[in-house]
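Asker: As annotated in TrEMBL:
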type     : residues : note
DOMAIN   : 16-106   : domain 'Acylphosphatase-like'
ACT_SITE : R31      : active site
ACT_SITE : N49      : active site
Amino acid sequence: GGRSGAAMAEGEALVSVDYEVSGKVQGVFFRKYTQEEAKRLGLVGWVQNTSHGTVQGQIQGPAARVRELQEWLRKIGSPQSRISRAEFSNEKKIEALEHKDFQILK
């Protein structure tokens, strides 16, 4: 431990959140676009297709940036996708990033 003098602003605190996106999200380059958007925002984590037709993964990074990707996953996605629902779970503050970059898992 030991805290540094100034507490980080809320938007700067690191958070980790799991997500699952339902709809027409497989076979539409959803993972590739998610990876590009996450990298643009400077986030780490992963994304993969599930056996039941959804896309799931984890996002880690500064809270404000994570919120941006959550909005993107909820409303935008890849050009050909049709998102019906995006669910987020297991949100927690973390001390350090647990991933080196944002990966597409097979």
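Here, residue 1 is simply the first one shown, and the rest follow in order.
A Cβ is built for glycine as well, from the same backbone N, Cα and C atoms used for every other residue.
Automated prediction, rather than curation, is the source of TrEMBL annotations.
Model, not experiment: these values are computed from the prediction.
Describe each of these features in terms of where it is and what it packs against.
Answerer: Long-range C-beta contacts of N49 (active site), restricted to its own chain and to partners at least six residues apart, with a cutoff below 8 Å, comprise Q26, R31, V55.
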Asker: Looking at the domain 'Acylphosphatase-like' (16-106) alone, can you tell me the average pLDDT?
Answerer: 97
Asker: Taking the Cβ of R31 (active site) as the centre, count every other Cβ atom within 10 Å, in any protein chain shown.
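Answerer: Other Cβ atoms within 10 Å of R31 (active site): 21.
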